[in-house]
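Taken from Swiss-Prot as is:
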{"type": "BINDING", "residues": "35, 36, 37, 38, 39, 84, 85, 115, 138, 178, 294, 318", "note": "NAD(+) binding site"}
{"type": "ACT_SITE", "residues": "117", "note": "active site, N6-AMP-lysine intermediate"}
{"type": "BINDING", "residues": "412, 415, 430, 435", "note": "Zn(2+) binding site"}
{"type": "DOMAIN", "residues": "594-673", "note": "domain 'BRCT'"}
């Protein structure tokens, strides 16, 4: 059947339009149309190409869905080897690298690019007259594998380059970069894999590599891989003189280029930026294992050349490892204050992130079983920032046959009572309210600094007092007297007096601290402050309805239900009655007089370590000027006040377009104009 000129023109128009929308959505993060509009146009193009296959072009957006499975990947010879990089681990190593370069090219002025080193899979993409032709893995640097069909499925790999100001596209250009899987996408993928009973991936890099090397490209298409371009290989028909110019050109062609790349003329600034990345890495939405420093000028790069397989003009500044392998020696169970049984790994000591790690989290029994983690396994352990180290999974290939399957507990290891799984939760609970382990954890929480702040009572004292029989419930803390400690070793007159004074002082803690101390599920310090401001007393809060609770900004349905359930439990009603009878005041904090209304109507969330000020003090400052501080980032959040190691809240704020402030910028908002 002959194809009309109108149909040919419509197919071409749809291709151009959809490629433009892809570029704005995936590369610029600035969608031009809704998902429904995009899908409608894509379906129209699919229908045309199904009826007229001759109109299906290599750069068509319909080609991103994957093609027929392959039996194996063909080999590809890289025309110019994909080199490895030498490593630097500190400022001295960076300075030594620079001196070696100066010995060859002299002490002439140099500029440097500094780029995040994405922890993914290096690939090379060849474009002929602007059209994506061949894509290959790095392989051994000289020979890789042809994974063109899989690379076509990645949304921010352009299938056709965008011309620059009417200039002709290069006749041939090889673009090099990194395929990676964002952390959130990695976690979602592993959840799906575990739910389906399939192998979970140890880390985002392995997931990206495994996804790219699928013989069936429809599997690759189902996984949200991303791509950052960072270099070119051989090229013709375009003039490129520096790394910075190359990145700008690639960005204009339609590639995603890491926005955190910087150009410096001062080498000290290079070192400072490398150090800055040591703290920033935790706030990223993707994994990095260092930064790459390159001498910017291509003429200098050619003069410096290569030694072995490493270019003299570039070096990788490597961060301390966040993942290591070690042996799982045992699995022990801790019991939390809610009765949750928490499995913990006992490990052969391993250095991780600058510290020696011997224990790590295993989350819950379902996590261990779904990943088939066995005692004696070689396991991958990860530590990120201040997060407790945790076991990612076993290295199955390293098994010897001596490993032991872990038996999930059926009874509490402390009190011996049968355990239960509540509702749809994956966690296992000890439901014995008199379990000593639960009581000890509850005491620790009650006396903690963010709650009742009883100086002289901590983890060790809580365990001792329970073992001595002095404390059998939280109210027993307020029944302690001098006679309770009579003759007990380590508790002299002065120490006992100080402890009893601290306990007496805690009776005057404000209502929000008492609510925090009660340990209601989902109620942290911010929610506790909101509840205290609204209800003004424990009896009033105890009578609150779901409707009243959810009317408070920041209190969601699940938290409201937790509050109602807590106060409807007879044991908790008795707890509160006893505490009030023992003299607990639980009165609301005095509302500080407003210093100004400059932040009135503005909502803030605070995250990270702030310079020179605690989060509590920052919250008080914001509230003193009429602002409100919440606990989680949402579309309603006006500002995120972020310090160092800001973490996932910063990532979410950036994705929602929430303005991020430093302390200096917050102070600027408060200055008189």
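Each Cβ is built from the backbone N, Cα and C atoms, and glycine gets one as well.
Feature map: annotations from Swiss-Prot on the structure.
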| residue | record | DSSP class |
| --- | --- | --- |
| 37 | NAD(+) binding site | helix |
| 85 | NAD(+) binding site | coil |
| 117 | active site, N6-AMP-lysine intermediate | strand |
| 138 | NAD(+) binding site | coil |
| 294 | NAD(+) binding site | strand |
| 412 | Zn(2+) binding site | coil |
| 430 | Zn(2+) binding site | strand |
| 435 | Zn(2+) binding site | coil |
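Closest to residue 294 (NAD(+) binding site) in space, going by CA atoms and restricting to the recorded positions 117, 412, 415, 435, is 117. Proximity of residue 412 (Zn(2+) binding site) to non-local residues of its own chain (separation of 6 or more, Cβ distance below 8 Å) is seen for 335, 339, 341, 418, 419, 430, 432, 435, 437, given in sequence order. Nearest Cα neighbour of residue 117 (active site, N6-AMP-lysine intermediate) among the listed binding-site residues (37, 85, 415): 85. The record gives 412, 415, 430, 435 for Zn(2+). Within 8 Å of the mean position of their Cβ atoms, the other Cβ atoms in that chain belong to 335, 339, 413, 414, 416, 417, 419, 431, 432, 436, 437, 438. Averaged across the domain 'BRCT' (594-673), the predicted model reaches a pLDDT of 81. Across the range of the domain 'BRCT' (594-673), the DSSP-based residue counts are 27 helix, 17 strand, 36 coil. In sequence order, 82, 121, 122, 123, 124, 144 are the residues of the chain that are 6 or more apart from residue 138 (NAD(+) binding site) and have a CB within less than 8 Å of its CB. For the residue listed as 'active site, N6-AMP-lysine intermediate', other Cβ atoms within 10 Å of its Cβ number 21. Around residue 415 (Zn(2+) binding site), the same-chain residues at least 6 positions away in sequence with a Cβ under 8 Å from its Cβ are 430, 432, 434, 435, 436, 437.
Here residue 85 (NAD(+) binding site) comes close to 292, 310, 311, 314, 315, 316: these same-chain residues lie at least six apart in sequence, with C-beta atoms under 8 angstroms from its C-beta.
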